[in-house]
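Q: Handing you a structure now.
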Amino acid sequence: MFLSRSPLNRVARINGFSAQIRTVSDKPSTRTSRAKRVTLEDFAQPKKKKKIGSRFETHPDSPEDKTHLPPRDKWRQIFAWVPVNDRVSLSNPETANTVAECFVPKGNTDRVIIEAFPGPGQLTRSLLALPKERIKKLIVLEQEPKYLDYLRPLAALDSRLKIIPFTALEWDTFDRVEEQGLLDDVETSSWDDGVHPNLQFISHLPITVYGEQLIAQILRLIPNRNWLFKFGRVKMNFLLSDYIWQRLTAPPENALMRCKLSVMATATADFQTKMYDELQPYAEHFHPILVKKATDKLSNRRIGVPFQAVEITPLEKQVINPDKLDTWDYCIRRLYVRKATPLQQCIEDLGPGAQSLIPKLSATIDPKTIIRDITVDQWASLIQEFDAWPFAPTVCSH
């Protein structure tokens, strides 16, 4: 699974891929607590039942016919109890139509689409409204009860729509898709034959760190051709924040945004912005709309930051050897701790004696190059020399 809400460490596994995930609640608490004295009176008092709240209740303004979404000005009230600190959804129907046409344009046929985080389904409705020959099956992954209230009536009207009522932040959800046979009719396409002609992944990306972790793990599965990539080079379309997009695509000269994610992204996939200006300003196209306060601080992971529609396609030629993926992780992670430091000053972070690699790397990398300025091809050379180094530390899967 991608992420877990359990406070315990979890190990995610999918087609041989594993990654240990630690949630925020794993951090040791620094609070001190004072023991409460328990008396007989405490046992005599009946305990109050925990109120479930209106997350599962129907709002008075919610229409009886949920095949149609409520007016945009009612969304804030009707979906008030949906956790919106990380969930952004298209709410403007005209914008959703434009995005649907962009993601599945004329000429596409028999598409099998997995849509993650659809919210109440504005984009879902626009996808289903496209000419039927374009989409053969639309599989939506959504767990919020109030959003499901507006998705299930669509499935009753259109047999192409399949609902998996679980979050896309867990690998188990994708296992359920396969267990139900929803991908049985998807043929495997040769990696060299271009982008998969039928299978496609579409998602609104959560704006929190979990969204960034999600896309980082998806990209990490490309070299091994796991997950959906076992079917071929599957095209992915995202609605995501400008902040995450900059981190994904930042070139070496972008000192502020270049990071480990940028290196892995550039090494595995091609990135294209499909819509930006058409989605601005945020408040005219998306839900929720942030009510700003004078005390609010600016944040790149806050509701209201610019969003854009993008396309990510796995590269045909992968610079990362699947067998060396853990070595790539190790080297980039260790060196990016000091990303503003020249290579010659921090290469020892790879292991005692790693300074001996500098002469072998001098033909491809200037030792004075700072870590964030190293290109993907130079990383490939560095990792090749590290892997051949007799004294390299053993790199284990985590």
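Cβ coordinates come from backbone N, Cα and C, glycine included.
TrEMBL labels come from automatic prediction, so no person has curated them.
Pulled these features from TrEMBL for this protein:
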BINDING   Leu90, Glu142  S-adenosyl-L-methionine binding site
COMPBIAS  54-70  compositional bias 'Basic and acidic residues'
REGION    46-70  region 'Disordered'
Q: For Leu90 (S-adenosyl-L-methionine binding site), just count the other CB atoms lying within 10 A of its CB, please.
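A: The Cβ of Leu90 (S-adenosyl-L-methionine binding site) has 28 Cβ neighbours within 10 Å.
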Q: 10 Å Cβ neighbour count around Glu142 (S-adenosyl-L-methionine binding site)?
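A: Summing over all protein chains shown, Glu142 (S-adenosyl-L-methionine binding site) has 25 other Cβ atoms within 10 Å.
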